[in-house]
């Protein structure tokens, strides 16, 4: 069976994940540049203190370095999860024709991983493709079942016709025998 829709959805999802990975590497290289670090430190301290004062709370001692370290670790986490999701999506694309159930399971796992990185588009596309893989049966099996069903129907009709023909033949034979035999009334 052609699985063009599933292929298309999964390929679009893989492209979106790849774009996310590219943006992740750009962000990671940006976080490592000294100009960005200096600008971030000055903006962070001003903005952080203003927001704490507006909220009426007390400031926790969070430094710009801690915030940058957090951003770096989150971006590393996002890159790793997106890479795993992309790999699972590619493997699912490879197995669509041969093992649709395995491909559907891989698509669900890849979709669940992509939702952790807020890659909602990929998540939706992979879940839709997985549902289609589970619901739509292989056409070759369906055609085989249809042919077997049609053969069974034809066999039943042939048996019914042969039984009717046999009964008609038996009645004609009995009538002929009765007509030929003068002793049978």
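Every residue gets a Cβ built from N, Cα and C, even glycine.
What you are looking at is a predicted structure, and each value in this text was computed from that prediction instead of being measured.
In TrEMBL, the feature region 'Disordered' is placed on 155-185, out of the ranges 124-154, 155-185.
For the domain 'DUF4064' (2-117), the DSSP counts in helix, strand and coil order read 99 helix, 0 strand, 17 coil.
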